[in-house]
Amino acid sequence: MDTTASLSILLLLFGISVANPVRKPEPPAFVPIPGNVDITTKFLETNKGSSERLMHGDIVIPKTRNALYCLNNNCFWKKNSKNLVEVPYIVSSSYSSADISVIQNAMSTFHNKTCIRFVPRVNQTDYISIEDKDGCYSYLGRIGGQQLVSLKRTGCLYHGIIQHELNHALGFYHEHTRSDRDKYVKINWEYIPTDKASNFQIQNTNNQNTTYDYSSIMHYGKTAFSNTVGKDTITPIPNAAVEIGQRQDMSNIDILRINKLYGCV
Ligand SMILES: [Zn+2]
């Protein structure tokens, strides 16, 4: 079964109609999130009502494969003849023009600092469909055909959250699950509910010789999934005071990694 078909079936199973997006009231004015807010908590809250099967908080469970290490690099987007990596996209008609501006502004950082180009889809086979679903989540890497990036109007339309989800679509896992994370953070399993433990599983990631990045837009905050108020689930080591979980903008290392992975010069 191709991916579009399986996704359609998945959505149909949950009674979600793709064909008839509903016009919704205008959202509240865009409010930038202060730097010290644990925005991870915000989007995990937003995802609580999601009917999608999510792993790691906001990654739609892949059908067949991991990103970053994949056969023949098939999970990555392809370069065009100008050495640019085009990621075609469509956006749901339920977004306002202001919403679309926020989305496009988040994309512009990729355009300015990497060889990734999110381009309006013409007739390309593989593309992302940005939709106002029930949370902030994405597939990992290019899965083929149409693939959903869910950005709920209330809760996900923030510069950093959009970049975070787009990074998943490019093939990046969460920083705190990378293969060498135990040298840089301590996971406090005692505060993690059993059914959330999978969010903290180490992945077989290709770290591309980049340093562990506490400031990555892909890093979760200290209290992500904590079952106890005031207790952290992730503690940076050796310095527990190091900030993690920012969703302001991609870090320099986030950008470096995209450039390395996609061979941008
Ligand atoms: Zn994520």
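In case you wondered, yes, glycine gets a Cβ from its N, Cα and C as well.
Automated prediction, rather than curation, is the source of TrEMBL annotations.
Features of the protein shown, as given by TrEMBL:
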- 1-19: signal peptide (SIGNAL)
- 66-265: domain 'Peptidase M12A' (DOMAIN)
- H164, H168, H174: Zn(2+) binding site (BINDING)
- E165: active site (ACT_SITE)
Per-residue Cβ crowding (10 Å cut-off), top of binding-site residues H164, H168, H174:
H164
What average pLDDT does the predicted model assign to the domain 'Peptidase M12A' (66-265)?
94
Which chain-mates of E165 (active site) that are at least 6 residues away have a CB under 8 A from its CB, listed by sequence?
D58, C136, Y137, S138, V149, S150, L151, C156
